[in-house]
Amino acid sequence: MDGLERGDGVTRTIGWISTIAGWIAATMIVVAVAITCQMIFVRFVLNSSTVWQTEMVIYLVISATLVGLPYVQKLRGHVNVDLIPIALPPGPRRAMFYCTLSASTLIIAIMTFYGAEFWYTAWSRGWRSDTVWGVRLWIPYLSIPVGFGLLALQMISDVWAVAKGYDKPFGLPDKDPLAARAASAAEGGH
Amino acid sequence: ETLRLSHQWSTQDVRHKVAQMIADEVATAEVDLDIRIFPSQSLFKAREQYTPLSRGQLDMTVLPLSYAGGQRPEYNLTLMPGLVKNHDHAARLNESPFMEQIKATAAEDDVIVLVDGYLAGGFVGKDRCVTGPADMEGLQTRAAGKAFEQMLAGAGASIASMSSSEIYSAMQTGVLDAANTSSSSFVSYRIYEQAACYTPPGDYALWFMYQPLLMNKTTFDGLTDDQQTALLAAADKAEVFYLEEAKKEDADSRQVFADAGVEIKDMTAEEFEAWRALAQETSYTAFVEEVPGGQELLDKALAVE
Amino acid sequence: MDPLLLGGLVAIVTILVLFSGMSVAVGLLVVSAGFLIIFDGIRSLELMPEILFGKLDNFALLAIPMFIIMGASIASTRAGADLYEALERWLTRVPGGLVVSNLGACALFSAMSGSSPATCAAIGKMGIPEMRRRGYTDGVAAGSIAAGGTLGILIPPSVTMIVYGIATETSIGRLFLAGVIPGLLLVGLFMAWSIFATWKSGNLAVLTPTDYTWKQKFEVLPRVLPFLVIILGVLYAMYGGIATPSETAAVGALLCLVIAMVIYKLWSPAALWTVLRDSTRESVMILFIIAAAGVFSYMLSSLYVTQSIAEWISTLDVNRWVLMIAVNIFLLIAGFFLPPVAVILMAAPILLPIILAAEFDPIWFAVILTINMEIGLISPPVGLNLYVINGIAPEIPLKTILTGSLPYVGCMVLAILLLCLFPGLATWLPDAVMGSAV
Ligand code: NA
Ligand code: NA
C-alpha cells in the first residue's frame, strides 16, 4: 500500500526520506492544532496576550504543506487529470509521461533554486517578521528549498521507477486503461 | 513604457487617489509613460511589496514603511507612538535630517521616496472609550504596529494578533474589545458598525504612520529626463494633495463615526502625556535596544520642533 | 497583445497542461512560469517561491487541515456509521434522504467555515463513502458534496465576502447577512434536485423504505450525541465570542480527535497515524493547489488579462440587463480558471463602479458574484472542490464527479435568475437587521 513492494535501493531510500518528511509534516499540523487551542485558552480563559501563536501556527501550516509535498507525491496524492494519457496508446503515453514529469521536475528544481536563494537572503541579512515576536524569517523560509528539493528528488525517483519497469507510466495498465479504471472504481464501491 | 504600481487599498482610499493623481498627471504630460495601478493587493500582498520593489520587479508602491521594519529595523521609527504631534509637525519631520537618514537607508535597498506622507489614527472601544492608558487595562486589543503593541501591553492590555480582515468579525463576536489603526482604515473597514466609542486623532494624536509613495531607484534612473521631470512634478502636486487629504480624513472619520451613532471622545493633554511617558519606557526602549545606532536616530526625530 | 487573444491563449495552454496527467498544482506552476518568462522576463521566476509562500501566509487557510482532521477522525471510527445509520432510520421514507441530510450538513458546516474546500472535505470524507455504500450513484454522491461544499463562501462566515467588503468598501456585516437567504435557497434547490434524481434513477436499494420500529429509531439517538457535542461546541466557540472562525476549526479538530479517542477507543498509534496520514495527505494536496493557483493568479494579474477584459466590459454601452449578462459570463469564465478570492481582487474594483452606475445594489451584486464563484469551484480546469472530492474519494473518476456536479451548476444558474427577478432575496435580510442602506 505504500508503493514499496517493487523497486530497488534507490527508490526505497528516497521513499523513506519522503515518508520521514511526511511524519514531520503531520507532526507540524498536530502542533498547529494544539497551539491554536492553547491560544484560545490563553486569551479567553486567562485574558492574557497572545503574541506569537498566530504567526507560529501560520508558519507551521505552511511548512507542513511544503515539507509534506514529497510524501504526498510518493503516495500519488497530488490530484491530476489524465484525460490525454488515457486516450493515448502505450508507447506515446510513455513518452508523454517522461515529458510531463521532466517538466514537473524542472519547475520544482527552479522553485528549489530560487527558494534557496530567497532563504539565503533572509538568513544573511537577518530578516525578521515585523511583529513583537520578530521571528527570524530564515527558519520558516527553510521549508521552501527543503520541501521542493525533496519533492524533486521523489519525482526523479518516480521517473527511475518507470524507466526500470517497477511502475507503469501514470500508473495506467498498458491495455485498456479506462476499463481498468472502471473496474477499480466498481471494486472500491463494493 | 508602462510602470507597475501596487498597493493594498480600495479605489476609494486617499492613498489610491494619490497614486491615481500621479498616473493621470504623467499621462497628461505625454512623455510616453503609463502607470498601471494594481489596487487592493491584486498583484502583491501588502507586506510582500517591499522585496520586489527593491529588486526592481515592482516599479512603484504606496507602502507603510514600517511594514519593511523586519528587513530594516530603522523603519520602525516611522510608526512610533507620540513621536509625531500633528500633520504640520509630520510635514516638518519629512524635511528633517531624521527623514534624510531613513531615505538613505531606503537608497541602500535601491528605493527612493517620490511622495512623503503621514496618516493619523486613533482608538475604538467595543463597549467603552479608550483615551488614556488606564482605559486599556484588561482589554483584548489588536494594535497596528509593533511599537503600539509594546506600548499597549505596557498599559495592561492583552494583545491578540490577527490579520486586519479579521478585526471586524472579531469585534462583532467579542473576541476583541478594542482596536487601533489609521482613521481611514477605521472607515474603510466599517469598524463604526461594531464600536461603541471612537477616539479620533484631534488636537492630540498618538498614532501617525509614514506611508510614502516609493519607487525603485534603478527604474527611475532609467527614465528619460522628460519622464523624470513629469514624474517629479506630478509627485510635488500629489504631496500637497496628500497632506490636505490626510487632515480631512481625520475630520471625515469623526463625522462618519458620529453619524453612525458612535460616541466620540477626544484624548486630553494629560492622557497624551501619560501615553508618551509609557511609550518612552516600552516601545522607545525596545527600539533603542534592537537597532544599532537607534538612540541617535531617535534623538534626530525628537529634535524636530 | 490583445487581452482577449492573450486570455484565450492562457486558457488553451492551461487546459492542455492540466489534462496532460501532470499534477494540477505543478501544472499551474508550469503554465505560470511559462507566461511569466515570455511576458515579464526570466527574472520574474525569482519571485515565485516568495509569492507561493505568501499565498499560504494566511491564518484563514489553517481551517482546511483542521476540518480535514475533524472529518478523518470521525470517519475512522464507528461514529460516522452511527450517524448515517440514525439518518437512514429516520429519513427512510424520503427518497434521497441521505443526500438531503448531507446537504443539510454542508449548510451547517458552511456556517462554521468560511472556506469551500474545507466544507467539502469535512462532509465528503464521511458522507461520500456512506452514500455509496447505501446505493446512491457515484454522480449524486460526489456531485452533491462538491456543490454543497461551495456554500461555504455564501453562508456566513465567508472569506470571499470579507475580501469583497474590503476591496469595495461595502459593509461586511451586511454582506454576511445577504448570503443567508440565497444560501438557504441554494440548499433547497440542491435538495430538490437530489430527491428528483434519486427518485428518477429508480434505484430500489435507495428507494425501498425499510420499516423501522420506533424503538429502532430511538435506540440510535444516543449514538448521535457526540456529534451534537462537537457541533454545539464549535458553534458556541464561534458565535459566543471565544474564537474567530479560523480558530474555531482547531477547537473542532481537537474535539473530534478527543471524542474519537475517548468514546470510540481510537487508542492505537497505528490507527491514530492512519488518521493523521490521511489528513496530512489531503491537506497538503489542497493547500499546494491553493498556493499554486495563487501563483497562477499573480501571473494573470501581472499580464493584466482579467483587468483588461473587465475594463472592456465597463466601456460597453448597453442596456443594464445586457450588461449584467455580460458581467455574469465574464465571472463564469474567470471562475473556470481562478479561485474566488483572486477573481474578486482583480475584477471587483473595476466592475463595481459600472454596477453602481447601472443602479444595481452592491450587496446584491456580491451575492451574484459569489454564486458565480461557487460555479467556478466545481468547474474545470481549476475547480478546487472537484479536486478535493477527487482527493478524498479517489475511487470515483473525475469525469463522474464532474457530470454529477453539472445539475447542481444548473441549480446555481437558476438561483442567479431568481435573484435577478427578486433582488429582495439578498437585500431583505440585511435591510431588516441593519436598517436600509444609506
Ligand atoms: Na461559510
Ligand atoms: Na473552476
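Each residue, glycine too, has its Cβ placed from N, Cα and C.
What TrEMBL records for this protein:
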{"type": "DOMAIN", "residues": "A:33-163", "note": "domain 'Tripartite ATP-independent periplasmic transporters DctQ component'"}
{"type": "TRANSMEM", "residues": "A:20-45", "note": "transmembrane segment"}
{"type": "TRANSMEM", "residues": "A:57-75", "note": "transmembrane segment"}
{"type": "TRANSMEM", "residues": "A:95-116", "note": "transmembrane segment"}
{"type": "TRANSMEM", "residues": "A:137-156", "note": "transmembrane segment"}
**Asked** Counting only residues 6+ away from its ends, which parts of the chain sit with a Cβ under 8 Å from the transmembrane segment (A:95-116)?
**Response** 84-85, 88, 141, 144-145, 148-149, 151-152, 155-156, 158-159, 162, 169-170
**Complete:** Given the transmembrane segment (A:137-156), its same-chain partners at Cβ distance under 8 Å and 6+ residues beyond its ends are 14-15, 17-18, 21, 59, 62-63, 65-70, 73-74, 101, 104-105, 108-109, 111-112, 115-116, 118-119, 122-123, 127-129
**Request:** Please work out the helix, strand and coil residue numbers for the domain 'Tripartite ATP-independent periplasmic transporters DctQ component' (A:33-163) from the DSSP assignment.
**Result:** 99 helix, 4 strand, 28 coil
**Item:** pLDDT averaged over every residue in the domain 'Tripartite ATP-independent periplasmic transporters DctQ component' (A:33-163)
**Value:** 93
